[in-house]
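According to TrEMBL, the protein carries these features:
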type: BINDING; residues: B:81, B:92, B:188; note: Zn(2+) 1 binding site
type: BINDING; residues: B:92, B:126, B:382; note: Zn(2+) 2 binding site
């Protein structure tokens, strides 16, 4: 059912991933935040590779790398991102970019393969400056005002300044030509343990969960930590701690089977050892692919916060600062990935939702989209220890290239 | 038993306190952190006032203001501090300095009053750069290396740089001439509600509690907040929250009647909304004047931390970073303050420990020391809302001046 031409060049895939790993290397991972010198270097590296796939490349005005084919026939868009979280893993992003590049290298120059794969590296998927700025720009969902206001969350550097320094300022931002692509395909490491735990090779993504985010603020009474009796205190920090514990106790009975929630940051104000915190702020997040479940959990959260505030003598405000919308992956893309996996991965695939956000959820707003996962060792993610075996990487590449071929041939 | 010469000039005391309040004014309080422009201004203000008390003044190499008398007879050292916590109250520090200045102005020029009051403003009692650096320097307990290493806790500015900018670098640091003073007297606002609640005018400090401080670090597993199932998590932030709640539940049955404890800071690492914290650090503090009680509480803390760590799948380290030593106030000083209060405050005084640290605890290591408190409205402290009524301020000044007179006369 397949011909050998559709197979990936395994050595080339591994060599390219390792070449990217060397750009901004940190321990066994990389430190390649958006618009850092290594990140810009990696974009230029990709730009120089695109001609190998008979693609005309450019870096646009928001830092997206786009490779365009002049070949006749259907076009499939494929890609991921090249920047990393701070001090994080080598495959989160680059895996999908190199798979896309490899599929383009295999399919585009082959006159017997129908159509072409076009390659994209979306800027700032990791959210140093905003949320999916690169892919959202491509689907015409980013205003100039949003870019004006964007700042690096690590060092507050304005995005405009970073674009200027990178040499991208003043370039046009490219947007999708509607109807040009039959869809978008992205590969990624799983960032979880589902595949590894079940000895599977490929995850066929059914949906990308929505992310709901909250800022919870307790207001108590800032006072002296030595002279204020325990009974007289209104300790906002203790209130925040109580809410974390209350959520941990209350959410399990109200959540869905795959719901996750996280308090990623707690800030006590003023944060001095001898002062009772008068104010405490928590950044809290819930992810699920069912808005109904999250609605129930939000009600639960508000109730627990109110109870905790009352019990701690503190005022409390629960503010939703991000409302997630789950993205459904295209059914035909899912079937095609399964078909490719049956050929190249002994059928060791499973359908699963993605708990992490990906550019595919943005592209899915304007075209059919699909995603496939390869296993991650111990599920470690957003850490320089993140890794995947070479065997899983090259098997995933074969499945990816074959999926592209099948989609273009159909 | 007293003559009218020993009474404070009430209008002068209030005018001086309000003059200081205008230097670095913030809402109804002040923002006058150590070596800020307003703080340096306040030190110079005091320097210029010292001749009114027949004192030769200087600012030494650590920023202490010291006024020295050439008058014959016994000398009493008195003072407090002029810097504030960030955005904090107007009386915390200045009250004691102006009382000392007033006592010196009343007693020193009066040939019928025996001896002299010498005035000190100790630098950095509020601990922007360290712990009691000014008074500890005066008792020869600060090395040059400690100053080399000291940095502003708010902005990490090196203390050496701040001393240079203030013009104090290169000056000698003055130390106590042993035997020169019969003792040290300090006044302060209570920073609590004991006096106000019992309609009292003066607190006679019996001891200054010790402060024990701990850095508690939980180490879990940093991971992706979307892809890591709840059951697979080792959330260091949740562990820290659990410990706060466990302490709140466990300490009351093991503490003393006046023990207080506070978690003033919680830091989650990396502190991003989409990353499960791999590390959490708490700054935790216990205050009591009984080392035996604190020893019991420390054992309790270590036990709760270990239990919480185990229950959360996290490693935990409890590190004691400050070991408090309670300081006892001199019995004769206590009796003298009571005697002055019986004359000038209708005997409305009470003996009480100080839950806050003060320079008097440092001076007490080399000479007899005493402290008196005046009431604070609602016990508010380390906040710009801190206040004391004018009536309580001037009554306290009378008691203070009289205490100085009695101590010098005895």
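Just so it is clear, glycine is given a Cβ too, placed from its N, Cα and C backbone atoms.
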Cα distance (Å, whole number) from residue B:92 (Zn(2+) 1 binding site) to residue B:382 (Zn(2+) 2 binding site): 8
Filtered binding-site residues - B:81, B:92, B:126, B:188, B:382 - keeping only those with Cβ under 8 Å from chain A: B:382
Residues flanking the Zn(2+) 1 site, with Cβ no more than 8 Å from the Cβ centroid of B:81, B:92, B:188 and excluding those residues themselves: B:80, B:91, B:93, B:94, B:95, B:96, B:125, B:126, B:189, B:358
Cβ-based isolation winner (fewest other Cβ atoms within 10 Å) among the binding-site residues B:92, B:126: B:126
Nonlocal neighbours by CB distance (under 8 Å) for residue B:81 (Zn(2+) 1 binding site), same chain, sequence gap 6 or more: B:93, B:96, B:97, B:121, B:122, B:123, B:124, B:125, B:126, B:134, B:359
Residues that sit under 8 angstroms from residue B:188 (Zn(2+) 1 binding site) by C-beta distance, when 6+ apart in the chain: B:80, B:92, B:93, B:95, B:96, B:354, B:356, B:358, B:371, B:372, B:373, B:374
